[in-house]
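Please read the structure below before turning to the comments.
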Amino acid sequence: MEVLQNAVQYVLDMGASVFVPIIMLVIGLIARMKFKDALSAAIIFGVAFSGMTLVVDYMLSAISPAAQTFAENTGINLTSVDGGWTTAAAITWSWPFAFLMFPILVIINITMLAFKWTKTLNVDVWNVWGKIFTAILVTYLSGSIVAGFIVASIQVIVELKIGDVWGREVEDLTGIPGVTVPHHMTLVASLLYPIDKLMDKVPFLNKKMDAEALRDKLGVFAENHIMGGIIGLLLGLAASYSIQESLILAIQAATALTLFPMVSKLFMQALSPISDAISDFMKKRFEDREILIGLDWPILAGRNEIWVTAIIIVPVLLLFAVTLPGNTVLPFGGIINLSIVVGAVLLTRGNLVRMIIYGIITAPVFLYISTYFSPYITRLAKETGAVNVEEGSMLTWSTIENGEFKLFFANAMNGEWWAILASIGWLAIFTYFVIGRQKDNDKYFAEDIEEANS
Amino acid sequence: MKNVIVACGSGVATSQTVASKVKRILDENNVRANVEAVDIKSLDSYIRSADVYVSITKSNKEYEIPTLNGIAFLTGMGLEEEKQKLIDALK
């Protein structure tokens, strides 16, 4: 037993960039990949880790000193630097138990389909990382890995249930039949649902707005290098850097934001054989059943409302970050708040005004939840050796997807009474949403057919 | 060499999944081409140097180069047709 423990420790000590590729290689060989292909995928995974370490360290070394100077000058303490979801995903894959999530996901989905508890077959294997991320935060808060995987399993189930709901919205918004988006971040829609029902009663908020013209004007700001450059420049000026230093920071920030996705896609490249194998395996089992295929959110990315809303709430997030008492998050890598806009576009069926309202009212919640979880994200980065985080500063993700769920369930698993009640409340609202929304959809799409017939 | 681009919301996950699949299909059919996953927000700057665009989203914009349905590569439905179009476009 002790020998085994030592061997495991020896492998873990080499850091994520070595042990995760080893796991990948073994999984690849078990899945009967050719040795050459399995080795290639394994090494690319290692490259992705090392690359991400480089870029995150680079970002922190540029942004942290500016954030600290800003804090000294103003007393506004924004020391948790936001690496965005790409950073969160990278350090999540470096958790030693990460790969346990794959079989759990497959078993839950197949069981639920077999018993007809869902009609969603989720083949979006990339976003397994989101469930692992939840498992990690819950494990850290409760001290129990089992609790982490229990909550992550609940997450898998509620995602499949929301996938059942979204099929019709997705077809309506994209024109693609037979697919859905069982993405964790869309769960924010269930908490917004009661508010949305109220908004139905306000005449002005029912108007459709054309987002395309706005998108053409604003679209350029959503490009990573431009967004990064602007934020870097603003931060430099806010930290009373000289013009020269501010411009240097602007380019450094633009570099970080441009390189994040470039490096991040290496993870997907490495995972692609596994993800293909898993999705083929699942698809084969349910070929003759009518199912909704669950895909990642970018099938909705053609909707201009998503980008217009995301850009409009960028200054809102920045403004809240410097004014909210107790907030420590400096929004940067996660400032394009996909975690609200994707859920909101589905919930509001592309109603731009409502989406912007939701983006604004949820901004403080995102920042506070990110502040709350930043010590745990920092701990993960340090423990796995994925990223160097200097004393006095922290790493976080400013727009954690469905953070309320993680906050409530993690604390509930820790035995906090308020959190147990909040978790039950969350499930109650979710159930109300799933049932209510299906009724709404029946009505909404029935009207559509009537209109088409008349 | 010809260039194929696949775009998604961040140029990370979905586009890379499809890009890896496209690359494998091309290798199997001995067609040489670069396949790149890109960020849809920067699509306009990539599309100039591309020969084929694999789209995951519905768009009203028309592009001058052949545009394929990327969803087929994700769901497997209508895949054969898209495969053929892809190979024809790059031959």
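Any Cβ shown, glycine's included, is placed from N, Cα and C.
Bear in mind that TrEMBL entries carry predicted annotations, made automatically and left uncurated.
Annotated features, as they stand in TrEMBL:
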{"type": "DOMAIN", "residues": "A:8-436", "note": "domain 'PTS EIIC type-2'"}
{"type": "TRANSMEM", "residues": "A:12-31", "note": "transmembrane segment"}
{"type": "TRANSMEM", "residues": "A:38-60", "note": "transmembrane segment"}
{"type": "TRANSMEM", "residues": "A:93-115", "note": "transmembrane segment"}
{"type": "TRANSMEM", "residues": "A:135-158", "note": "transmembrane segment"}
{"type": "TRANSMEM", "residues": "A:178-199", "note": "transmembrane segment"}
{"type": "TRANSMEM", "residues": "A:220-241", "note": "transmembrane segment"}
{"type": "TRANSMEM", "residues": "A:247-268", "note": "transmembrane segment"}
{"type": "TRANSMEM", "residues": "A:306-324", "note": "transmembrane segment"}
{"type": "TRANSMEM", "residues": "A:330-348", "note": "transmembrane segment"}
{"type": "TRANSMEM", "residues": "A:355-373", "note": "transmembrane segment"}
{"type": "TRANSMEM", "residues": "A:417-435", "note": "transmembrane segment"}
Contact between the transmembrane segment (A:247-268) and the transmembrane segment (A:12-31) (at least 3 Cβ pairs under 8 Å, separation 6+): no
Tertiary contacts of the transmembrane segment (A:178-199), as residues 6+ beyond its ends and Cβ separation under 8 Å: 120, 122, 124, 127, 130-131, 134, 155, 158-160, 162-164, 166-167, 170-171, 205, 291-297, 299-300, 338-340, 342-344, 346-348, 354, 357-358, 362, 401-402, 404-405, 426, 429-430, 432-434, 436-437
Rounded mean pLDDT for the residues that make up the domain 'PTS EIIC type-2' (A:8-436): 91
